[in-house]
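Have a look at the structure below, then the notes.
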Amino acid sequence: MTPLSSADTLTLHGQTFASRVLLGTSRYPSLQSLSDSIAAARPGMVTVALRRQMNAGAAEAGFFELLKRHDVPLLPNTAGCQTIAEAVTTAQMAREVFETDWIKLELIGDDYTLQPDPVGLIEAATLLVKDGFKVLPYCTEDLVIARRLLDAGCEALMPWGAPIGTGKGIVNPYGLRVLRERLPDVPLIVDAGLGVPSHACQVMEWGFDGVLLNTAVSQATHPEIMARAFARGVEAGRAAYLAGPMDARESAHASTPVVGMPFWHQDGSHA
């Protein structure tokens, strides 16, 4: 797949990425399936969970070698953290292990919905930004929280579409669209809850800057095919946004213009 133009690239923290797809690396049926999915999606970044990888043992011995072969920028995350101290410590460890100051900040406040802890998220983001991290916080579509995260020094946000792993798509279209409208110059990556490529296409049509996928791909019957489908959906949605879609209207409008009367009506001989 080719980009719409060489100029239409995703830019985060001053760094450009050729793809607007970010791909998670957890819960694939095999390392080969993960490798095939990365090749199919051609993501701009792949996320890695330090806590999960450290506990994976010998079964995942080839995981990091696989990532090196694909040569895709890594975005470590703080998945599984429930306190500010856990998140900050995990981020610092990830910086040492992966040799990057990029971090996707996850701080879960509820085990049932896996909803982010908004108060802790802001405090953790503040600490990590001061420590030199490029923080991409996983948050909800709450506009006030989003602004507080920006005030804390975050330059891009990752609002959810729906709770992690549900595949429900966009549960609050109004909230996400308002977030996009009110923060027009902030990179926004929709993260979590997307289930099928049409969900990704939809948010890209609304002007979001990218999507992060994991469960929708890794738990598909054929992950590689789904990864490719999502990449195409993202590209289609982005193209539609740039094309400038027509406004929806309440009344019908003929698509073919009518000028004058048909020639066979003009002589009055028609039945």
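Note that the numbers count up from 1, one per residue, in the order the chain is shown.
Every residue, even glycine, has its Cβ placed from backbone N, Cα and C.
Taken straight from Swiss-Prot:
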ACT_SITE  LYS104  active site, schiff-base intermediate with DXP
BINDING   GLY165, ALA192, GLY193, ASN214, THR215  1-deoxy-D-xylulose 5-phosphate binding site
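Taking the C-alpha positions, the distance from ALA192 (1-deoxy-D-xylulose 5-phosphate binding site) to the residue listed as 'active site, schiff-base intermediate with DXP' comes to 13 Å.
The most crowded of the binding-site residues listed here (GLY165, GLY193) is GLY193, judged by how many other CB atoms sit within 10 Å of its own CB. DSSP gives THR215 (1-deoxy-D-xylulose 5-phosphate binding site) a helix state. In the three-state DSSP scheme, LYS104 (active site, schiff-base intermediate with DXP) is classed as strand. If you take the Cα of ASN214 (1-deoxy-D-xylulose 5-phosphate binding site) and the Cα of LYS104 (active site, schiff-base intermediate with DXP), they are about 14 angstrom apart, rounded to a whole number. Sequence-distant contacts of the residue listed as 'active site, schiff-base intermediate with DXP', defined by Cβ-Cβ distance under 8 angstroms and a gap of at least six in the same chain, are THR47, LEU75, PRO76, ASN77, THR78, LEU136, PRO137, TYR138, MET158. Residues near THR215 (1-deoxy-D-xylulose 5-phosphate binding site) in space but far in sequence (CB under 8 A, at least 6 apart, same chain), listed by position: GLY24, ARG27, ILE164, GLY165, GLY167.
If you draw a 10 Å sphere around the CB of ASN214 (1-deoxy-D-xylulose 5-phosphate binding site), it holds 23 other CB atoms from the protein chains shown. Summary of the 1-deoxy-D-xylulose 5-phosphate site environment: with the site residues GLY165, ALA192, GLY193, ASN214, THR215 set aside, the chain residues having Cβ atoms within 8 Å of the Cβ mean position are GLY24, ALA162, PRO163, ILE164, THR166, GLY167, LEU194, LEU213, ALA216. In this view, ALA192 (1-deoxy-D-xylulose 5-phosphate binding site) is surrounded by 28 other Cβ atoms within 10 Å of its Cβ, with every protein chain counted.
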